[in-house]
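Quick look at what TrEMBL lists:
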type	residues	note
DOMAIN	50-184	domain 'Photolyase/cryptochrome alpha/beta'
BINDING	Tyr300, 313-317, 353-360, 450-452	FAD binding site
SITE	Trp384	site 'Electron transfer via tryptophanyl radical'
SITE	Trp437	site 'Electron transfer via tryptophanyl radical'
SITE	Trp460	site 'Electron transfer via tryptophanyl radical'
REGION	525-549	region 'Disordered'
Amino acid sequence: MSTAASSSSSRPVRGAAVPVPSLGVDEAGAVADEAFQRHTSPSLRRGGAGVAVVWFRNDLRVLDNEALVRAWAASEAVLPVFCVDPRVFEGSTHYFGFPKTGALRAQFLIECLGDLKQNLRKKGLDLLVRHGKPEEILPSIAKAVSAHTVYAHKETYSEELLVERLVCQRLEQVQITQGGAPGQKKPLNPRLQLIWGATLYHIDDLPFTVNNLPDVYTQFRKAVESKSSVRNCSKLPPSLGPPPSSGLDEIGGWGTIPTLESLGLSVTKSEKGMHFIGGESAALGRVHEYFWKKDQLKVYKETRNGMLGPDYSTKFSPWLASGSLSPRYICEEVKRYEKQRVANDSTYWVLFELIWRDYFRFLSAKYGNSIFHLGGPRKVVSKWSQDQALFESWREGRTGYPLIDANMRELSTTGFMSNRGRQIVCSFLVRDMGIDWRIGAEWFETCLLDYDPASNYGNWTYGAGVGNDPREDRYFSIPKQAKTYDPEGEYVAYWLPELRSLAKERRNFPGASYIRQIVPLKFDGGNQKKDQQFNRQRRPNNMYRRQVK
């Protein structure tokens with residue numbers, strides 16, 4: 001897909017998916033090296049002793065990785081570790097048993113790990129990869145290399161918090177012998193040091209406690225913008241080395257990054273849409289490409305609701321979700337762009353969206369597991385259908401509504417969908433079909449390259465009207481959305497080529513020229529309305545069954 005493909009007079013690109021970023025490997029590597037250089041400080045000194053382990057989780061980057069820098073400062077040697085946790089890569093979603101990590105995201109994460117290993121090597125380290133549960137792997141590694149501390153970034157979700165607790169408990173059972181004269185060495189337990197590092201605004205800098213977080217986004221945004229400031233990216237030393245000099249042979253060496261095949265997965269190479277390249281180098285390359293090379297930042301607010309092509313929006317989200325890209329780095333680049341080129345509503349709007357991302361993360365800390373529950377944070381009581389046939393027509397993109405079907409085909413093919421598309425398909429599933437929103441959220445969990453629990457489930461609770469802000473309980477009229485955001489049917493014709501022969505004004509409204517519509521729309525007019533009867537209607541009780549594994 002290319003920018004040309006989104007024009008009304010062009011035809012879709014055939015033969016290959018367009019890489020994002022479009023930079024070559026050498027150019028992306030040079031951009032990354034330059035970014036590292038700008039954030040390197042020769043004056044940094046380390047004052048620690050012994051060995052520190054860095055447990056990489058959803059922070060697969062070197063630049064602005066505070067856990068990594070603090071481990072370096074507090075030690076004489078650093079050992080970076082990643083655990084290929086079978087619960088994440090081979091497990092199932094909670095209620096409906098879809099694969100927890102689909103093949104497209106798994107491939108993206110594999111690429112992220114490969115790039116992380118390469119960038120660590122540039123800084124004098126390497127990445128130790130082990131297959132298994134962190135609570136079983138990290139204590140044995142800490143013992144083998146006599147590590148005094150395991151550093152990691154803190155998470156907010158129950159599954160990740162449980163793993164943190166288990167790692168902490170198991171580390172307490174490990175005895176490490178430290179220095180001193182023979183016979184006077186005092187054993188110690190390695191400790192887990194958790195550091196906040198996932199958001200634009202640091203949790204300690206909020207003008208309120210998490211428990212007192214405002215329940216309306218606008219109140220949150222205005223408070224942090226007026227009373228908080230974004231911290232600078234952490235500086236890197238010229239070298240992060242050395243790794244530990246002993247103990248690695250005892251635990252079997254550095255290990256290998258998994259392949260899709262070793263995870264029991266496979267991907268059919270697509271000739272459509274966008275192909276996102278995993279890794280920090282690609283992430284930094286995309287920031288450079290979108291801001292500086294293509295100069296798209298200055299028009300972001302005007303184009304961000306597009307659906308076709310790589311450049312209508314930043315496309316940063318897959319790298320943000322994997323932690324390959326720091327939100328603070330994006331902020332710094334926005335500020336640099338504003339100084340060197342232009343400051344306008346579009347440059348601000350990128351930060352506005354990053355604050356939304358922060359808000360969902362902090363809400364997940366405030367409300368805990370309620371963001372995953374049927375009634376959401378507001379505990380709304382509703383009757384929902386789990387009709388399997390209806391759901392599968394939505395999942396497979398055969399509802400009879402081209403705008404829905406095209407978006408769902410894009411999701412299954414690329415692992416990505418526009419923000420506008422996500423809102424439309426969510427509204428259709430829960431409003432027009434009356435399907436349990438959790439099924440849609442879990443399918444997104446499987447498919448999305450940019451999946452993270454807070455943003456995914458936060459957006460789905462909002463779309464289903466069970467989020468903490470009831471004003472988000474609204475209906476998206478498909479005819480109106482199609483006329484506004486795909487007026488010539490280029491998007492639907494790209495993903496549903498059988499519609500391309502139709503007149504442009506008919507592509508979104510093909511009638512008998514397309515498959516039969518599986519349900520009628522609740523509102524067929526052009527105005528978005530709140531569904532006043534939504535929670536009071538009786539729906540079928542044909543339950544969608546959990547898949548047998």
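Note that Cβ sites are derived from N, Cα and C of the backbone, with glycine treated the same way.
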Distance from Trp460 (site 'Electron transfer via tryptophanyl radical') back to Tyr359 (FAD binding site), taken between C-alpha atoms, in Å: 14
Sort out for me which one of Trp356, Trp384, Trp437 has the most neighbouring CB atoms within 10 A, since those are the recorded positions we care about. Trp437
Quick note, Tyr451 (FAD binding site): same-chain residues at least 6 apart with CB under 8 Å of its CB -> Arg105, Ala321, Phe444, Glu445
On the domain 'Photolyase/cryptochrome alpha/beta' (50-184), the mean of the pLDDT values is 95
As a whole number of Å, the Cα atom of Trp356 (FAD binding site) is distant from the Cα atom of Trp437 (site 'Electron transfer via tryptophanyl radical') by 21
How many neighbouring Cβ atoms, not counting its own, are there within 10 Å of the Cβ of Glu353 (FAD binding site)? 20
Out of Trp384, Trp437, Trp460, point to the one nearest Lys315 (FAD binding site) in space (Cα versus Cα); all of them are recorded sites in the record. Trp460
Packing count at Tyr359 (FAD binding site) (other Cβ atoms within 10 Å of its Cβ): 24
